[in-house]
C-alpha cells in the first residue's frame, strides 16, 4: 500500500541528497496564516487558567474551559468538512477565523464563568471551520514525496508565532487577564484577511493523474483497517491530550501552585518548548520524508513520553524547563509524521478520513484537561502527569507495531 512505502523511507531519490524543490504557494501562505494565529494564541494561552480562576472556580472548571473549545471543534468537524465542499477552503477558513475572533474578544469582556464558557464553546465551532479548511487545502496541494516538509512548514508557522506569544502573554496576563483575549481577537482578524486575500482554492479540473486532487476518496472503514492510519490516530490523540490540553490548562497552574512561581514562569516554560519545537521543525519534515514515517513516530513519541514522565517526580523548576524543551523536540516530529501518514493512506479528497484524524487530536484535547484537572483536585499534579505520560506511551507502542518497511 502507499502508506507502507513511506514507513521507512520516501521513494523520492532527491529527498535527503540536498534537493529542495519549492513547495506550493498555498503551503507558504498557510504557514503565514498559522504564524499570525499562533502568535495570538500564544499570548492568550497563559491567561486562560488565571482568568478562569478569577471567577472563583476550581481546577476542574479550568479544564472545562479548555475542553469546551476542543469539544465543539470535535463535534463541528464533519460540518466544517461539508462547508469546505460547498464553499471552498478559502471562504471557510476566513469565516472560521472571524467567528473565533468575535467570540474571543467577547470572552475577554465578560464577568461570569458561564458566559465565558459559552463564548469559548462557540469559538470552537469557528476553529473547526478554520482547521478543517486549512488541513484540507494543505493535503490537497502537498506533493506526495514532500508531505513531511509541507506539514512541517505549516506547523512551523504555528511554532514561530508561538515563540513570541507565550512570553508576552505571561507578562500581559500579569497586567490584566482580559488584555490577551482582546489582542488574540485582533490577530485572528488579521489572519483571516491574509487568507482571504492571498489564498486560492485549488481547481480540481487542473489536476494531473499524479496529484492528490485526482485520487478518489478513500472510505473511512478502509482507512480504519490500515495500521498506519490507526497509529496516526493514536499518536494524534496523545498530542491533543498534552499539547492542546494539559499543557494549556494544567501547566500554568502547576507552575504557580506547585512550583510557587509567577505566571510569567509559565509563559517562559511554554516559550522554551516552542523554541525547541521550532528548532526541531528545521529538520523534522525532511527526516519524515527521507528517514521514514515509522522511525520519526517512534523517536517523537519516545521523547514526548519521557519529557512528561519527568514531571512525575518532585516539583523542580529546572526539571520543568527541561521537560518542556524535550517535549518540544518530540512534538516537532509528531507535527509532521502523523499528518504525512494520513496523506499517504488517503487521497486529499478523503474528507472524512482527514476529519477523523483531526477529531482524534480534539478528543485528546477534550479528555486531557478534564482528566488531569480532576486528578489534580483529587490527588496531585504528579498523578495527572503520570496518566498523561501513559497516554503518550500508547502512541509509542502503536508506532513500534508498524511494519519496518
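Placed from the backbone N, Cα and C atoms, the Cβ positions cover glycine too.
What TrEMBL says about a protein is an automatic prediction, not a curated fact.
Residues or ranges marked as domain 'Major facilitator superfamily (MFS) profile' in TrEMBL: 26-405. According to TrEMBL, the transmembrane segment annotation covers 29-52, 64-84, 91-110, 116-139, 151-175, 181-199, 228-244, 264-282, 294-313, 319-341, 353-375, 381-402.
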If you count CB pairs under 8 A between the transmembrane segment (116-139) and each of 64-84, 91-110, 264-282, 319-341, 353-375, the winner is 64-84
For the transmembrane segment (381-402) and the transmembrane segment (294-313), does the number of C-beta pairs under 8 Å, pairs 6 or more apart in sequence, reach 3 or more?
-> yes
Same-chain residues at least 6 beyond the ends of the transmembrane segment (181-199) with a Cβ under 8 Å from one of its Cβ atoms are 26, 29-30, 32-33, 36-37, 39-41, 43-44, 47, 51, 89-91, 93-95, 97-98, 100-102, 104-105, 107-109, 137, 172
Same-chain Cβ contacts of the transmembrane segment (264-282) under 8 Å, 6 or more residues past its ends?
-> 42, 45-46, 152, 155-156, 159-160, 162-163, 165-171, 173-174, 247, 251-252, 255-256, 317, 320-321, 324-333, 335-336
Does the chain bring the transmembrane segment (228-244) near the transmembrane segment (91-110), so that three or more CB pairs sit under 8 Å (pairs 6 or more apart in sequence)?
-> no
For the domain 'Major facilitator superfamily (MFS) profile' (26-405), what's the model's average pLDDT?
-> 85
